[in-house]
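Inspection log for the structure reproduced underneath, given as structure tokens.
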Amino acid sequence: MPPQEQVVSPDTGTSWDNDDSQAGRQRSSFSKNESTINVSNANLDSMENLDPFEPIQRRSIFHRESFLMQFASKKGPRAIFLLLMCLALGVGSTIGVVPAVMTDRYARLQHGYDDPTDCADYDMNSKPQECLDGSADAQNIHAIGNLISNILTFTTSSLMGSLSDEYGRRSLLVVGVFFSCLPPLCLVLIQFIPTMNPTWYYVVSASTGLVNWIALCMSALADVMPPEWRAASFGLLLAGLSLGFAGAPTLAILMGHRQVSIMGFFMVFLGWLNTLFFFPETLSPEKAAMASAVRRLQVEGMTKKERIIWNLKRPAWELSILNRNDFFRLLAVLAFFSGMVSSGDQTLLVYYLEERLAFKDSDVATMFMINGLLGVFAQAAILKPSIDCIGERMVLACCFVLGAIDNFMYGIARDKSVIFAAGAIGALSMVSFPTISAIKANNVNESEQGRIQGALYSVQALASGTGPMLMRFVYHLTVDGAFLGPGSMFVFASGLLMIASGCAYALPKSKADSRASRRRSQLPNIFEDFPEAEDESTPFVDPTARDSSSSSGSYGTEMP
């Protein structure tokens, strides 16, 4: 049996089991309160006694300006933003190219299509049957490859995150981005080697699930940003992805498929070189030592055989953080439903639009331009004020409602304008995942940031693998006109998001709303209304606690 999970206090470095007494929790809470009292008394004495690295709660525009300054001044966030821009441009530029290239290649190799005209050049009503069959093959193999990739991510993501808590983010990030270079390279080779089986593209795409670099980027941001700014930081991080995806598909209009594929590979390769030579390590030695100490305690006293068995079971044990309490289980349900729908849309929407609504490269580029630019606006300009106004819980509920409307419009659309309008609405729901990530990051210890982000992506991966397959199943049941026809799969996805919206509203406000912690820290009388002791299984990191803020590297000197 794996050892009982232990949690390390970010204040003392000591550990306790999940079934400790209430008295132990109150002692930890009193220690944190005592630290807050000392800091506040120093602030009351004189401004000269203030620690220059002590977090000061700002209001209104000054608070927001401080967030942007913190994000821009640290090497870690800047390097992550640059990496995501390179990867988004590289991968995004081939979004419209991959379905066209794979459909044509499967039609020629598997179904005997020999016309010199590419399948993508036909309109919807005149497309040969061989091209339709090739498109179906490409969609099915894409869904299978996506399932395999997400099974790998589900199995390894939490483990990789936990290893990054011990050994650092940078080395694993280099490996993860290297795997991301393989699909665009394979796409280039397929276009230069006519007899090359296109299935190789989906094989190397599936291998990217071994190391989830996005989860590592999230963990690196959590290392250097304080709790109250993590949701906005994650949103700004994903805004970089959206910005790249917004402009990249336009390149397919200006350049040919081969030229775009070559450029996409070099952009991803440039991102890997940036990670290899310039990406800083964000994990502090103190937090790495804390995580290593916990791991040593877990295997202490084990025989060699028991350690081997434990290491084989470790990936499953790392996921147990999601089962820590009802709050984490509910968040996992949210991540699962949103992951099913988002992956289904990403995997099947372009194929569906090209086959049923005769979308061309220019239409795909327009759709991603609308979706990407509004996604950047939502994550960079709307997310932070929305959290300050209504809190993370209500932001999630609203996002899922908007996503449900978006998918319902996809399902009933009969012309391109409805698709563009739906994409604009769906862009506003992009802030859901960074919000979920921030809520979980704020409710674990600093030494568990990699583990929780990895576990969250494991759930996302499981959902991403089952979502497209389930939506394809609905498609096959309705493709001949049943219910609303082929678009019924998107109406089904809309129903899943409405369920997720109800789950988001059911989240406890005390743990899913960072405004409560900020209000406690801003009370004029620090001796009144002490915060209640936190559940040791989900310790919320108080942004005013001196030990916590300094250990996270949020306000001190930059990490090397």
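Counting begins at 1 with the first residue displayed.
Cβ from N, Cα, C; glycine included.
Keep in mind that TrEMBL annotations are predicted by a computer and have not been checked by a curator.
Since this is a predicted model, take the numbers as computed values, not measurements.
Summarising the annotation, TrEMBL assigns region 'Disordered' to 1-36, 513-560. Sequence annotations record features per position, and here TrEMBL assigns transmembrane segment to 79-102, 172-193, 199-222, 234-254, 260-279, 327-344, 364-383, 395-413, 419-442, 454-475, 487-508.
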- [ ] Answer yes if the transmembrane segment (395-413) and the transmembrane segment (260-279) have at least three CB pairs under 8 Å among residue pairs 6 or more apart in sequence, and no otherwise.
- [x] no
Open item on the list: Counting only residues 6 or more past its boundaries, what in the same chain has a CB within less than 8 Å of a CB in the transmembrane segment (260-279)?
Closed with: 79, 82-83, 86-87, 89-91, 93-94, 97, 101, 170, 173-174, 177-178, 180-181, 184-185, 187-188, 191, 248, 251-252
- [ ] Could you tell me what the rest of the chain brings near the transmembrane segment (79-102), counting residues at least six beyond its ends with Cβ under 8 Å?
- [x] 118-120, 134-135, 138, 142, 177, 180, 184, 187, 190-191, 198, 201, 217, 220-221, 236-238, 240-249, 251-252, 257, 260-261, 263-271, 274-275, 278-280, 350-351, 354, 361, 364-365, 368, 372
TODO: Residue list, the transmembrane segment (487-508) vs rest of chain: Cβ under 8 Å, 6 or more residues beyond ends.
DONE: 327, 330-331, 333-334, 337-338, 340-341, 344-345, 348, 352, 356, 393-394, 396-397, 399-401, 403-408, 410-413, 439, 467, 470-472, 474-475, 477-478
Open item on the list: If I count Cβ-Cβ pairs under 8 A between the transmembrane segment (364-383) and each of 199-222, 419-442, 454-475, which range comes out on top?
Closed with: 419-442
TODO: Determine whether the transmembrane segment (327-344) and the transmembrane segment (419-442) share at least three Cβ pairs under 8 Å, counting only pairs 6 or more apart in sequence.
DONE: yes
- [ ] Count the CB pairs under 8 A between the transmembrane segment (199-222) and each of 172-193, 419-442, 454-475, then give me the winner.
- [x] 172-193
